[in-house]
Amino acid sequence: MSMNNNRTITLAWTGASGAPYGLRLLQCLLAADYQVYLLISSAARVVLATEHGLKLPANPEAAQAALVEHLGCASDKLVVCGKEDWFSPVASGSAAPKQMVVCPCSAGSVAAIAHGMSDNLIERAADVVLKERGQLLLVVRETPFSTLHLENMLKLSHMGVTIMPAAPGFYHQPQSIDDLVDFMVARILDHLGIEQALVPRWGYDQRVRGE
């Protein structure tokens with residue numbers, strides 16, 4: 001894969017509920033012609049199979065082939081990395097993309113990233129983005145939040161990390177679960193600076209029913 005940090009991004013899926021968010025975000029990033037390094041935790045594969053019915057092999061190359069077939073995307077735009085692939089570009093500040101999204105992000109991943117852990121490639125990639133002053137978005141899916149969860153998120157926010165709880169809005173009058181997923185993915189794309197038209201934007205011409 002050729003390295004172009006301006007059109008390259010790291011996406012991580014962890015074991016939190018919300019696999020459809022991560023899959024839809026991947027689809028949109030690829031459609032926007034981004035090269036995506038995808039990091040998948042073992043728990044994320046279980047959640048993806050449970051919530052979406054998509055069973056990915058543990059082998060990174062096989063998982064990549066399965067996703068390319070499932071999404072119908074170009075094979076050269078997606079690289080699935082092993083959880084201990086320390087030779088991956090995302091593991092080094094000299095080669096890693098400047099943007100990273102963890103979606104969905106578990107509370108455990110929030111804690112590990114907040115405290116600089118690098119026990120797997122997801123944590124290391126996040127640590128690299130932080131030390132290189134890149135853009136890190138965490139789409140946290142947990143409820144309720146404990147005091148410890150909130151303290152970890154506050155710590156990360158002070159570091160410049162964008163904390164985006166997976167809490168879709170309803171003012172666009174969603175008609176399906178896909179509409180709710182698109183709302184969150186649209187907000188993520190907005191923060192990444194990627195054009196999107198997944199949901200109508202709020203504006204003065206928007207009518208609110210019931211008035």
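Every residue, even glycine, has its Cβ placed from backbone N, Cα and C.
In the three-state DSSP scheme, Arg141 (FMN binding site) falls into the coil class. Residues or ranges marked as FMN binding site by Swiss-Prot: Gly15, Ala16, Ser17, Ser41, Ser106, Ala107, Gly108, Ser109, Arg141.
Arg187 (dimethylallyl phosphate binding site) carries a helical DSSP state (H, G or I). Listed in sequence order, Met164 are the same-chain residues at least 6 apart in sequence whose CB falls under 8 Å from the CB of Arg187 (dimethylallyl phosphate binding site). Residues annotated as dimethylallyl phosphate binding site in Swiss-Prot, with sequence analysis given as evidence: Tyr171, Arg187.
The Cβ of Ser106 (FMN binding site) has Thr14, Gly15, Ala16, Ala43, Val140, Arg141, Glu142 as same-chain neighbours under 8 Å, each 6 or more residues away in sequence. Residues Gly15, Ala16, Ser17, Ser41, Ser106, Ala107, Gly108, Ser109, Arg141 make up the record's FMN site, and a Cβ search at 8 Å around their centroid adds Thr14, Ala43, Ala44, Pro104, Cys105, Glu142 from the same chain. The binding-site residues in question are Gly15, Gly108, and the one with the fewest Cβ neighbours inside 10 Å is Gly108. Neighbour counts were taken as the number of other C-beta atoms within 10 angstroms of each residue's C-beta; across the binding-site residues Ser17, Arg141, Tyr171, the minimum falls on Tyr171.
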